[in-house]
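Over in TrEMBL, the protein carries these features:
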- B:20-365: domain 'Aminoacyl-transfer RNA synthetases class-II family profile' (DOMAIN)
- B:Asp90, B:Leu91, B:Thr92, B:Arg117, B:Gln133, B:Asp137, B:Arg288, B:Tyr292, B:Tyr293: L-histidine binding site (BINDING)
There are 2 protein chains.
Amino acid sequence: GTQIAQQVDLKKNLFFFVCQGTRDYNPKQMAIREKVFNTIISCFKRHGAETIDTPVFELKETLTGKYGEDSKLIYDLKDQGGELLSLRYDLTVPFARYLAMNKITNIKRYHIAKVYRRDNPAMTRGRYREFYQCDFDIAGQYDAMIPDAECLKIVHEILSELDLGDFRIKVNDRRILDGMFAVCGVPDDKFRTICSTVDKLDKMPWEDVKKEMVNEKGLSEEAADQIGEYVAVCVAGGMDLAERLLQDHKMSQSKQACAGLSDIKLLFSFLQLFQVTDKVVFDLSLARGLDYYTGIIYEAVLTQAGVAAVSNEAQNGANAEESVSVGSVAGGGRYDGLVGMFDPKGRKVPCVGVSIGIERIFSIMEQKAEASAEKVRTTEVQVMVASAQKNLLEERLRLVTELWNAGIKAEVMYKKNPKLLSQLQHCEESGIPLVAILGEQELKDGVVKLRVVATREEIDIARTDLTSEIRRRTSEA
Amino acid sequence: GTQIAQQVDLKKNLFFFVCQGTRDYNPKQMAIREKVFNTIISCFKRHGAETIDTPVFELKETLTGKYGEDSKLIYDLKDQGGELLSLRYDLTVPFARYLAMNKITNIKRYHIAKVYRRDNPAMTRGRYREFYQCDFDIAGQYDAMIPDAECLKIVHEILSELDLGDFRIKVNDRRILDGMFAVCGVPDDKFRTICSTVDKLDKMPWEDVKKEMVNEKGLSEEAADQIGEYVAVCVAGGMDLAERLLQDHKMSQSKQACAGLSDIKLLFSFLQLFQVTDKVVFDLSLARGLDYYTGIIYEAVLTQAGVAAVSNEAQNGANAEESVSVGSVAGGGRYDGLVGMFDPKGRKVPCVGVSIGIERIFSIMEQKAEASAEKVRTTEVQVMVASAQKNLLEERLRLVTELWNAGIKAEVMYKKNPKLLSQLQHCEESGIPLVAILGEQELKDGVVKLRVVATREEIDIARTDLTSEIRRRTSEA
């Protein structure tokens with residue numbers, strides 16, 4: 001039933017009312033969204049972040065040259081006179097623009113907002129053209145790998161608290177990738193485009209990735225095979241893999257790769273102190289598409305529950321080989337050059353950050369909510385002001401005013417003479433726990449009949465005690 | 001100093017980095033914004049509203065024909081293949097589209113989101129091209145004027161709680177305006193455009209409004225003068241004015257006007273029960289530009305503090321004539337036909353709602369915050385984990401992990417060997433109340449030195465008692 005209803009809704013979205021790849025949130029979905037946001041924001045605040053906001057559109061030139069091959073997915077606004085504008089593609093570039101514009105060299109901030117990509121929507125799998133990102137970034141000149149490790153700690157905390165099943169955080173470093181490309185014989189000017197192809201390894205088998213490198217990107221077969229040896233063979237590990245690669249006769253020829261590998265080792269030592277190595281793997285095949293990364297990169301994926309047990313190499317990082325990924329839910333990395341691109345003098349501000357992509361998380365939470373018997377409340381109303389008799393509209397409005405003025409969340413039916421039954425039904429449907437019932441007799445006696453919806457118990461309460469009684473009965477213990 | 005800095009910032013916004021008429025929010029502004037939102041959301045929830053969200057862009061055709069002369073201010077997206085899209089101009093049309101699409105006939109919802117208008121920005125007065133609206137609407141077939149009155153109660157509560165100085169809520173009814181136009185001899189097909197001109201009365205003197213009616217809109221001089229008698233002479237009042245107009249020999253010839261005037265009387269009787277008549281005036285000159293209103297309309301304006309005392313005709317509505325308006329901060333009305341425009345069978349859902357325009361409110365709150373001595377905190381960090389000696393990075397990371405895992409909001413400096421002074425300075429600057437200081441001796445003794453930043457008091461706390469001690473000292477009493 002639900003399955004069919006959803007398909008019909010999707011059809012309506014696609015062909016009639018709203019733009020392809022976008023959706024409305026109904027009150028139930030909003031209640032779930034609020035819960036997810038609260039968990040994420042609490043974590044960001046626990047780590048001392050401030051928050052900022054930026055406009056939904058940026059000057060087109062601000063976004064130009066930042067996203068590599070993904071630039072074609074940027075939404076432009078129509079030229080209606082004035083500046084050329086584009087919808088933001090992520091929150092990282094606007095953040096870098098904000099830092100340069102305000103000459104800020106030190107900040108730890110979070111930003112939760114919608115971003116826009118003209119991608120092929122796959123809404124059943126939580127891929128939309130308008131979607132939320134929850135970003136946490138640390139800008140400033142600090143000692144190596146400490147802020148980077150905190151970003152991973154944050155991903156670990158959020159995914160654990162949301163209780164979405166098992167997950168894995170893959171880590172790599174652009175310097176290691178670049179070093180590897182160099183020692184495998186990739187020409188310098190092909191680093192970024194080959195990196196984009198390596199990024200597809202989580203969706204395509206190695207053979208297809210190799211084909212793209214050789215046939216489309218014009219890489220020599222030999223270089224491709226050498227890359228294959230690294231990314232397809234010694235994929236995932238922990239500190240031990242970093243150590244092994246540092247000993248590797250070819251890899252050790254690249255200064256860049258060695259710097260990256262040493263930092264991976266340092267990172268893991270901090271991750272041990274942060275108690276998160278159980279979920280983190282050093283994965284040579286992780287590339288990430290965006291152009292602006294300069295150091296460490298990472299991506300968190302949910303692993304299909306039950307498919308594979310997590311091997312707990314708590315000291316060295318876990319082994320991800322057997323588990324099946326069901327999709328990325330967070331990603332990020334270090335981008336030390338981006339702020340400088342917006343500064344007239346090119347002054348750099350080192351940055352590292354993480355972006356939680358919550359649409360997939362929403363999908364999972366929604367499925368969970370549907371599966372559970374518990375009803376999601378969409379309002380917080382404490383009491384309904386009702387009457388059993390006719391001609392008491394004025395008295396109901398007077399009482400509900402008293403309650404509102406005292407800060408009680410209260411509702412009244414917008415009818416002159418509503419039936420008591422329909423007033424009670426509304427309470428049942430929307431989970432309102434109490435009803436304050438007025439009648440001629442109660443008014444004469446200066447009392448209100450307070451009914452507990454769940455038990456149908458009714459007690460007369462002196463009008464002067466009503467607000468405190470409602471508060472007492474609806475306070476969350 | 002602040003004044004000059006702000007102008008420089010504005011210049012930068014306008015000519016260099018961000019789109020004209022938009023702005024970034026820095027952490028301090030975000031802290032103020034959060035406070036304003038909390039007040040508004042609490043009020044909406046107190047009145048039992050659910051919340052929804054809709055995409056930032058709609059199909060272009062969804063917005064077509066809904067905004068009258070303001071349609072030229074709609075932002076369109078560039079045609080990059082696929083559907084033609086526009087940025088939302090308000091939250092009301094997307095709400096109506098949502099109701100029709102989901103066949104909802106009953107809902108009380110709020111929606112807080114940004115909307116977009118290609119207007120001339122006047123940022124110093126809080127007018128932007130990207131700005132927030134906070135909307136509360138009641139959809140459903142109910143008895144006359146009860147939901148309408150609740151919307152005004154909500155405006156009254158919010159503006160009172162935000163403590164922005166005195167305000168006035170002007171009320172009128174489209175049926176009264178249309179009836180007045182009819183009895184004054186305005187041709188039917190000119191109602192909407194003449195209404196737009198009347199709407200300018202708060203910015204232009206009557207003589208200019210008359211000129212526009214006669215010269216631009218082609219109205220007869222005689223009809224214009226008759227309108228002038230109503231809107232420029234008997235402008236503002238309460239129930240008494242409605243009664244007087246019901247007796248007016250010309251006005252009483254229009255059935256529409258009489259229905260509107262009777263409803264104004266009914267509305268004021270509910271407003272008395274809601275205890276809000278002190279700020280509400282029935283104002284014949286209020287027109288509001290948008291096409292979709294069908295009944296009651298209203299607008300709240302802040303009145304310059306001190307310029308005029310509010311006359312307290314608490315039973316009949318206040319008299320606004322002497323006070324000077326400094327700008328509209330809320331507006332709304334009844335739109336019974338809008339949902340039907342999206343329904344294939346034209347099925348109507350009566351709606352009434354209000355939109356709080358908070359940019360002006362932000363401006364005022366920001367000025368207040370600047371003027372006050374109190375420092376706005378932008379984080380909630382409870383404790384900084386610090387050390388006085390070198391080589392304690394690992395110990396600091398271990399301790400901050402303990403605190404994070406216990407739910408304490410804590411920070412640590414991202415340096416191997418930070419100076420104690422710089423760690424303490426950071427606490428002073430960002431208002432962190434406590435510092436947990438580690439040293440060789442403390443580690444040996446299993447204690448942490450807890451320093452209270454304000455008093456410089458230092459006490460040794462057993463490591464096992466640290467989290468509860470921090471919680472005790474930073475809980476808001």
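Cβ coordinates come from backbone N, Cα and C, glycine included.
DSSP assigns B:Thr92 (L-histidine binding site) to a helix in the three-state reduction. Of all the binding-site residues given, namely B:Thr92, B:Gln133, the one with the smallest number of surrounding CB atoms inside 10 A is B:Gln133.
Per-residue confidence over the domain 'Aminoacyl-transfer RNA synthetases class-II family profile' (B:20-365) averages out at a pLDDT of 89. Around the Cβ of B:Asp90 (L-histidine binding site), a 10 Å sphere holds 20 further Cβ atoms from the protein chains shown. Taking the binding-site residues B:Arg288, B:Tyr293 in turn, the residue surrounded by the fewest other Cβ atoms inside 10 Å of its Cβ turns out to be B:Arg288.
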